[in-house]
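J.: Pasting in a structure now, in structure tokens, and then I'll have a few things to ask.
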């Protein structure tokens, strides 16, 4: 939701996101890896989008380059969600957003890829905090993800 260019993220949504992220933060490397393994299980061809996985004989989950990448993606998604209400916008550095837009565009990321990643992210969070998970938490994380994706897509369109 947006109001005059500012994202509306309720206090309740913020509380759900902050509470769950505070529990997940310490395991962000493992959770990031789980997120990417889920993405690859749902859409195996996405592995080819990563140069370090494309021709590697090593299984993705054992690839030494995947874990740090996966962790940085997971942390960025979560930190962006936590800041959403406070700032009223996606708070990823502009240079990072530009880079994300350019790389997602270059590797042919389309709407379906973002949808797979959203599903995988929500499932990863649900499994990480099962005792906290609720329909409201799913909506909160889903909205936060959608705002991040909208910001990345805006940069993708600029880089085309």
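Heads up, the Cβ atoms here are built off N, Cα and C, so glycines get one too.
Per Swiss-Prot, the features are:
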- 51, 65, 69, 99, 103, 104: heme b binding site (BINDING)
- 8-157: domain 'Globin' (DOMAIN)
- 41-45: motif 'Homodimerization' (MOTIF)
- 111-123: motif 'Homodimerization' (MOTIF)
- 138: site 'Homodimerization' (SITE)
J.: Could you measure between residue 103 (heme b binding site) and residue 138 (site 'Homodimerization') for me? Cα positions, answer in whole angstrom.
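T.: Rounded to a whole number, the Cα-Cα distance is 28 Å.
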J.: With DSSP as the yardstick, break the motif 'Homodimerization' (41-45) down into helix, strand and coil residue counts.
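T.: Grouping H, G, I as helix and E, B as strand yields 4 helix, 0 strand, 1 coil.
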J.: Below 8 Å Cβ to Cβ and six or more residues apart, same chain only. Which residues does that give for residue 138 (site 'Homodimerization')?
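T.: Spatial neighbours, sequence-distant, of residue 138 (site 'Homodimerization'): 122, 126.
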J.: For residue 69 (heme b binding site), which residues of its chain lie six or more apart in sequence with Cβ-Cβ distance below 8 Å?
T.: 32, 36, 50, 52
J.: Neighbour count first, Cβ atoms within 10 Å, every protein chain included; then name which of 51, 103 tops the list of binding-site residues.
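T.: Of the binding-site residues 51, 103, the most buried by Cβ count within 10 Å is 103.
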J.: If you average per-residue pLDDT over the domain 'Globin' (8-157), what number do you get?
T.: 88
J.: In the motif 'Homodimerization' (111-123), how many residues does DSSP put in helix, strand and coil?
T.: 13 helix, 0 strand, 0 coil
